[in-house]
Ligand code: PMP
C-alpha cells in the first residue's frame, strides 16, 4: 500500500506572510521596527553561551517571572512558542475530531488552520458591516459541539475592538461547556480606556483563557514566545500537549529580560498609537475607508481593488498584507516608514 498523508490537509489554508523584498519597507506583520534594547540582547548572548544544554523543560524561571509580572498564579499559566502555538495547544487541549470552533471572520488566519489540524470544524461568523465582532451572531453559532470560541481583541486584521461591557455580557451568555480564548496579541497598543484587560477579566471566570505575546509590543517576534492565562485544568492541559523543550533557552531568557525592561519597551507603544491616528486621519482625508483601530495596524477594506493596491505599493517598495478581494492590512511603524506608505497610497488610483 502506498504512503499517504492525511487527505483532509489538502484544503488546509496556507498562512501567507508578507513578501520579502530587499530594501523594502516592511509593514506586513505588525512587528515593531525598532531592534531589541541592549539588556535583552545581553540576556540572549548569555543564554547562547549554554546553547549545548537543553532549556528548562517547564520554563521554570520564565513561568515565575511571568507570574510575578502578570499577577496570574503559575497554575493558571502556560508558555508557548508565540501565541500562535498557544492557540494551537488550546485547540489540542480542548477539541477532538468533529467538534466545533467558532470565530469571527475575517480574523487571525491561524484560527482555521489550528482548528482543521485536529480535525475540528471552523464556524466562521461574519464581522458586522463596520468590521466588528458580531457577538450576537457568534452566540447563536454555538452548539453542543462547540468547544472553543476565539475572540481577537483588538481584531486582526481590522484593528476593531470590543468594549468591556459587551465582552462581559458575551462571556456571561456563553454556555459552560465552551472556552472563550481571548487573543490579546495587540493589547499594549490600546488607548481606549473602555477596553477590557483580559487578565483582569479572567480572574473570576472559569470559561476564559487569555493569550498574549512577546512578539509585538515587546519586540521579540523573531524569538517566538508568548503565554496563556487559563483556568487551572485548561492551563495544565495546554502545558501537557506542548512539544517537549519547544521554547528555547534563548527565548526563555529573552522573555524574562523583556519583562525586566517592560517600562522601556512599552514606552514605544504610545508613539505608535499616535502614528496610527495620524495614518488613519491622512488615509481618511485621501478618501479611503479605514475603520478605527486599537492595534498597531490599520485596515483598508478595498474589496476588488486590493490586489491592485498591493501591486502599487510593492512597486513603491512598501510591503503590506493583502487579503485578495477583501482588503489590506498595514502595520503602523516609525513616522518615516508610515510617510513612505502614505505617499504611495496617495498616488494609487481607485
Ligand atoms: N494572535 C493574533 C491576533 C495575531 O495577529 C498574531 C500574529 N500575527 C498572533 C496571535 C501570533 O503571534 P505570535 O505567535 O508571534 O505570538
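Cβ coordinates come from backbone N, Cα and C, glycine included.
Please treat TrEMBL annotations as automatic predictions, because they have not gone through curation.
The annotation domain 'Aminotransferase class I/classII large' is assigned in TrEMBL to 25-338. Feature annotation from TrEMBL assigns N6-(pyridoxal phosphate)lysine to 216.
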What same-chain residues, at least 6 away in sequence, bring their CB to under 8 Å of the CB of the residue listed as 'N6-(pyridoxal phosphate)lysine'?
30, 31, 32, 185, 186, 188, 189, 296
What is the average pLDDT across the domain 'Aminotransferase class I/classII large' (25-338)?
97
